[in-house]
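Participant: First the structure, then my questions, so here it is.
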Amino acid sequence: MKTFGVSFIVFFVTSFALGQCQNNVKITRIAGPYVLAEGPHWDYERNLLYFVDIPEQRIYCYQPTTGIITYTHLECGPVGVVVPVAERRNTFIAGCGRELVQVYWDPLTTNRNPRVEVLSRVDTGVPDTRLNDGKVDPRGRFWAGTMLIGSRQAHPPDQASLYRFAYNGTPTTMITPISLSNGLVWSHSNNSFYYIDSLAYNIVVYDFNDATGDISNKRTLLDFKKNNITGIPDGMTIDKAGNLWVAVNFGGARVIQVDPKTGRVLRSVEMPVTEVSSVAFGGRNKDILYVTSARDQLSESQLREQPLAGSVFAIHGLGVSGSPMLASRII
Ligand SMILES: *[C@@H]1O[C@H](CO)[C@@H](O)[C@H](O)[C@H]1NC(C)=O
Ligand SMILES: *[C@@H]1O[C@H](CO)[C@@H](O)[C@H](O)[C@H]1NC(C)=O
């Protein structure tokens, strides 16, 4: 078994909250570096953090109390996302290539050959896409979107889609076409769905019908280009107050907090790496922001400048907390 040295390099950073400096924010590397770490999910029942290393086809589990990291490996393709299944111990669903799969794995152990069942396939007839980021909606339905494999710029664009999966795994196309499906989050009122197609350079909001799972009435919440924000929006989560936390990738080097009522950037936290892929609140009090990052697109000289690229980080001291991340009700 490969062992991972956990280092406690700590960065004290300045985050700007409405123009005021906050010096109590602390960034620690907790795991990695990996190739393309993504999809952090905090399991609030077991106090474990799951995330994936997409091209390495691995699902990782980090135990915060011990620092121990275990993993499982899927043969079916790049692993874009993982979430636990509700009320079923050691059962997960994952996006693996273009398949939604169910994975049986005890996350406290490393297992390179877990039992995997295919639930459904998406993007049939579209070449070279794979499932990317995904999340569970307030009724326990899993949503995940696709992207072109191996292309930051998605040439040709608009080959991908966002899907909602029924409890039996059957996909329904929700948004098409898109280019690079990423962050997705529901408001605490369960009336709004926030969504990121990264190559649209914006965060959008739809009305969400909790009972039917339908979305409508798309509006732009924050346009990165109009607001001169470097990079693209990637993974996203929500804090207890209802503000969004968004990873800014492709040179973004930061995590931003966005007020969804006004579309204003409330805070910006600089990261020690440029390719910041996703965020999730975790820890017993859900007041630690876990942040994944990537190194797959960096040149050798960029890697020398940011040797921690691809690591998973923990940000303490933000003074905000998140809500429980939901497990999938898929059966
Ligand atoms: C929204 O959904 C969550 C998860 O199912 C539920 O706990 C919460 O009570 C819902 N909120 C409202 C305002 O209905
Ligand atoms: C973005 O930058 C341009 C050019 O520097 C400037 O004119 C514009 O006011 C800026 N917009 C915002 C929202 O900061």
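Glycine is no exception: its Cβ is also placed from the backbone N, Cα and C atoms.
Checked TrEMBL, it gives:
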| type | residues | note |
| --- | --- | --- |
| ACT_SITE | D234 | active site, proton donor/acceptor |
| BINDING | E38, N182, D234 | divalent metal cation binding site |
| BINDING | R130, N132 | substrate binding site |
| DOMAIN | 36-295 | domain 'SMP-30/Gluconolactonase/LRE-like region' |
| SIGNAL | 1-19 | signal peptide |
Participant: Could you tally the C-beta atoms, other than its own, that fall within 10 angstroms of the C-beta of E38 (divalent metal cation binding site)?
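Facilitator: Excluding its own Cβ, E38 (divalent metal cation binding site) sees 27 Cβ atoms within 10 Å.
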Participant: Would you mind listing, in sequence order, the residues at least six apart from N182 (divalent metal cation binding site) in the same chain with a Cβ closer than 8 Å to its Cβ?
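Facilitator: Within the chain, N182 (divalent metal cation binding site) has Cβ neighbours under 8 Å at N132, D133, G145, I196, D197, S198, P233, D234, G235, M236.
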Participant: In whole Å, how far does the CA atom of R130 (substrate binding site) lie from that of E38 (divalent metal cation binding site)?
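Facilitator: Approximately 14 Å lies between the Cα of R130 (substrate binding site) and that of E38 (divalent metal cation binding site).
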Participant: Excluding E38, N182, D234, which residues of the same chain place their Cβ within 8 Å of the centroid of the Cβ atoms of the recorded divalent metal cation site?
Facilitator: G39, N132, D133, G183, I196, S198, G235, A247, N249, S277, S278
Participant: Any idea what the model's mean pLDDT is for the domain 'SMP-30/Gluconolactonase/LRE-like region' (36-295)?
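Facilitator: The answer is 97, the mean pLDDT of the model over that range.
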Participant: So which of E38, R130, N132, D234, listed as recorded positions, have a Cβ under 6 Å from an atom of ligand 2?
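Facilitator: Qualifying residues: none.
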